[in-house]
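A.B. asks: The structure that follows is given in the form of structure tokens.
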Amino acid sequence: MADSTVRIGLVLPDVMGTYGDGGNALILRQRLRMRGHDAEIIEITLNDAVPDSLDLYTLGGAEDYAQRLATRHLTQHPGLQRAAERGAPVLAICAAIQVLGHWYETSAGERVDGISMLDATTVPQEKRAIGEVITTPLLKGLSAPLTGFENHRGGTTLGADAQPLGRVTAGVGNGVGDSQEGAVQGSVIGTYMHGPALARNPELADLMIRRALGVDVLDPLELPDVELLRRERLAAGRR
Ligand code: GLN
């Protein structure tokens, strides 16, 4: 394997990976390979310490109990925190936003300390947010509407150090009544969008790849099927 291989960390797929969120790592690998880069996925499970040396990282959503196991593991093995500090891109889906925040409350009302990579706190809401979500991106480098499928009970409030990823135009988003969706802080991007998010939002995938490679531009990829999927999901969300 060449040294130039881009290594994508799929963090705790054994406990965090609802709705095919592991697909985000596949999308990153595929988009890298289509542009001629060697890329591989490193699965980091509950049996492994979290390496801090990978080029980018993705974490998926989880049910409450699995989410707690992940929180404990990431607290005991702080490799993800070190990687983000040196600027490695991290994508955190749904429960992962909550775990990466300061704390979250479970549906049973227990407060669990997170790993404080995001200035965010999460409290369960009365009504579960389920369905399509569409947002206008607020992050520099993104222009196309973001689309995803959300299913969460937690409502996330951002502190001053985190910015929302998008402004909600359909669906619920962070769920605390401020029309915000997701959380961005340094190299960490959190979102409630399953889908998987990067299959539906190639611009977001390429933003992570650009950051990982340290380049401003990437060769465009013509993928009509992806455009079709986006049109379909955006239309479903606006219905
Ligand atoms: N258990 C969390 C919640 O309900 C996250 C759910 C998820 O990741 N889909 O808010």
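Cβ atoms here come from the backbone N, Cα and C positions, even for glycine.
Curation does not apply to TrEMBL; its annotations are automatic.
The domain 'CobB/CobQ-like glutamine amidotransferase' annotation in TrEMBL covers 7-201. Among the features that TrEMBL reports, active site, nucleophile is placed at Cys94. Residues annotated as substrate binding site in TrEMBL: Arg128. Per TrEMBL, the feature active site maps to His194.
Explain the structural surroundings of these features, please.
C.D. replies: In sequence order, Thr18, Asp21, Gly60, Gly61, Ala62, Glu150, Asn151, His152, Thr191, Tyr192, Met193, His194 are the residues near Cys94 (active site, nucleophile), counting only same-chain partners six or more apart with C-beta under 8 A.
Around the Cβ of Arg128 (substrate binding site), a 10 Å sphere holds 15 further Cβ atoms from the protein chains shown. Classification of Arg128 (substrate binding site) by DSSP places it within a strand.
Of all the Cβ atoms in the protein chains shown, 23 others lie within 10 Å of the Cβ of His194 (active site).
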A.B. asks: Can you list which of the recorded positions Cys94, Arg128, His194 have their Cβ under 6 Å from some atom of ligand 1?
C.D. replies: Cys94
A.B. asks: Within the domain 'CobB/CobQ-like glutamine amidotransferase' (7-201) only, compute the mean pLDDT.
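C.D. replies: Across the residues of the domain 'CobB/CobQ-like glutamine amidotransferase' (7-201) the model's pLDDT averages 97 on the 0 to 100 scale.
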